[in-house]
Structures are given as structure tokens and as C-alpha cells.
Amino acid sequence: MGRFIFISFGLLVVFFFLSGAKGSTCPFHWLPMYGLCYKIFDKLKTWNDAEMFCRKYKPGCHLASLHSKRDSIEFAEYISDYRKGWGNVWIGMWGRKEGLTCEWTDGSSTTYVAWKQNLTDHYLNKDLFCAEIVSYTGYRLWNKQDCKVKNAFLCQCGF
């Protein structure tokens, strides 16, 4: 009887590790949230180059999408802990100057936004804008920025 329990327990442990292997852990210095992993990259890139970097890092990766105030707080703490420099950070939202809609690069819904008050129209002469998390707000609020500006960036990936 004891041997049966020992073998059953061993098989259960093996099954647990095999069934949870995909998507259950993030690499070192990545933030695990909602079954995805997030990482700040300090290399300064334009918004398009940052999105391409994320996509090339691993298939299915994109610039990060934030969907709640709780997300904003978690990311603000993570960025503050791991960002080596100072400055704004690209996220995966973009939009057109004409029109009221924005889109996430991963195709998820845009029901939550955290625009700072008195948005700076750095993209005024451009058709498109890209969203950045603003450093002087403690990385909690966003700004619309010219997509050609170079910033650090936050990628999201499934592992």
C-alpha cells in the first residue's frame, strides 16, 4: 500500500510539472502577470522599432498592453525597480490624430486608458501618435507622443 501511494504521488508530481511547464514561469527579471511575462528594455528605440524588437524576441510578443488601474500600479512598481535609466517608456497603444479610438498591438480591447491631464501634443504635426508611460508620474500615467521619439520600452510575451 505504501509503495502504491509513493508511486502515485511521484506520478502526480511529474504530471503537475509537465502540465504547467508552458506559460507557468517567466525568465529572471521578467514580471509574471495574467499568464504572460513582461520585461522593461532600456535600449532607446522608436515605437515601431520597439514593437519589432518585441516581436523578434519571441513569436507572439508585443509591446505591453495595460487593462486596468491595477495593471498600471504593478507596471509602475516593476519599471521603477528594474529601469536602469530615467525617461518615458513605450507601451503598445497607438492611434490616429483624427478619430477617438486607440489600438493595442496585441489586438486586445482598449477599455482602460490612463492619460495624464494636460496631454502634451508632441505629435501635433503627425497623423499617428504612440503611447508612452510618463516617468515623472511615477510611471503611472500615459502621454501621446510622436512615434519617432526614442524611449525605453515594455514587452509582453508568453513563455
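From the backbone N, Cα and C atoms, a Cβ is placed for every residue, glycine too.
When Swiss-Prot is consulted, the disulfide partner of Cys54, picked from Cys147, Cys155, turns out to be Cys155. Recorded disulfide link (Swiss-Prot): Cys147 to Cys130, out of the candidates Cys102, Cys130. Record source Swiss-Prot places Cys26 in a disulfide bond whose other cysteine, from Cys37, Cys61, is Cys37.
Between Cys157 and the candidates Cys61, Cys102, Swiss-Prot records the disulphide pairing with Cys61.
By a simple count of nearby Cβ atoms, those within 10 Å, the most crowded of the disulfide-bonded residues Cys37, Cys147, Cys155, Cys157 is Cys155.
Counting in whole angstrom, Cys157 (disulfide bond) lies 22 from Cys147 (disulfide bond) by their C-alpha atoms. When the disulfide-bonded residues Cys37, Cys147, Cys155 are ranked by how far their Cα is from the Cα of Asp127 (Ca(2+) binding site), Cys147 comes first. Summarised as a single figure, the pLDDT of the domain 'C-type lectin' (33-156) averages 91.
Using a 10 Å Cα-Cα cut-off from Cys37 (disulfide bond), the recorded positions that qualify among Asn118, Cys147, Cys155 are Cys155.
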